[in-house]
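Enquirer: Input: one structure, supplied below.
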């Protein structure tokens, strides 16, 4: 028994208990991921293994064979970009404005931004169907219009990411100092606040991208093609490729969220709130 | 709160105008759809006011659907909360911002988001009829998990996939509460002669109870409103509420009433509002210790 263990008085587990718990649960959670990887090397039901599902993706006619899937990925990337745009153009300035000018509206804004948790996508989509029949008439039926709905879906996540950053910097002091030195409202926003909010804005953008790339409910029930609806369709005829793309999306999301984690860890002041 | 320099009326009005784009956006794409979703439940197909859809919620079929949704959400919330809390406990004392913690937190964020179609693929590859675990259990240990029929594409088959995103969500929501346990409390307890059990029994457990219950409710709401995994796994029938909404929206012939989706949406919102209200009540108790 180490000296460290002898003086344990609080809630902390011993190093052995920690390793056991994290090791066992971690291993169990790895099983489905391993099963997915194993599956992509299976040769149909023959019971042996092949790399053809992976190599097929890089063959010459891959672009033609999986045209629908690539188109859907493009759609999802456009949707992710427009959704991030909505967060940056509509949500961010509103949050800064409320923080600086209307502190009493802060609770209201927070309440609005967490409504999408209580009104989940499957409920929202019932009312979005009639709204989108109008949207299609005004803006046309192209896929990017779906981003208006996704902007709502990501509100709780984006709000939390930006707000924790806003709370961690002395907005009032910074903007008053800048105003005293003669800066206008726009200068304060662009040159003082935005650079200080970089972490929160990046985190909000990444989490929005991760959410949009994984979105299925709204696209499926409004009959739009995005990555997830296409994956489900492809899986009927070529489950191996569907699983390969699912793995890729999972890896991408992990990298994005790992970056968010590092961003958060790099700002010690955030942890106080 | 008085600003240092009183802004002129014009600037004030300009500032209010700055709020309008977001307000308009939220009105059109959040408030309007929510109202439409609920209101359509009160109308018949020809546009006249009716309570038929609402009373339709209380038919045995729909009630049974709500029942299995409650059951599924409850079971996976409890499993998720217990296993997730265990992980949080194991992470006590690890460095905030350290490598282990960042990796677990990021993995938890990914897996909590890992709903949907991809999760269904993962479990078909794992415990599908030809899944990795199914085959190993059958060929090596002689255990046939589908001896009583294939349950993966039924409601019980949703339990494991749901647990797979419930546990990570528990880690994300419960970890801050555990981190807020102050070492000073443990020291005070030990100084006064308290054992570790006494510390857990009289200090940690009471402080953590509201956070644990709150997270449990959030997990329940999360499972209750989850659609994609179920939609990808279950193609036959509509055993849970979100799948009933799909059936009502897609086929338009469910019970002969197209606006049934609206009534089902209303039913879901009522459940979600009650659960989330209780959650936020517990959350405000929790935050008392997190100052």
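Positions of Cβ are set from backbone N, Cα and C atoms, glycine also.
All TrEMBL annotations are machine predictions without curation.
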Enquirer: Choose the correct range: of A:77-99, A:169-191, which one does TrEMBL annotate as transmembrane segment? Give that range.
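Expert: That would be A:77-99, per the transmembrane segment entry in TrEMBL.
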Enquirer: Would you say the transmembrane segment (A:77-99) and the transmembrane segment (A:138-159) are in contact under the rule of three or more C-beta pairs closer than 8 Å, pairs 6 or more apart in sequence?
Expert: yes
Enquirer: Could you pull out which residues elsewhere in the chain have a CB under 8 Å from any CB of the transmembrane segment (A:242-265), counting only those six or more residues past its ends?
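Expert: Tertiary neighbours of the transmembrane segment (A:242-265) are 33, 36-37, 39-40, 53-54, 57, 69, 73, 161, 199, 202-203, 206-207, 209-210, 213-214, 227, 231-232, 234-235.
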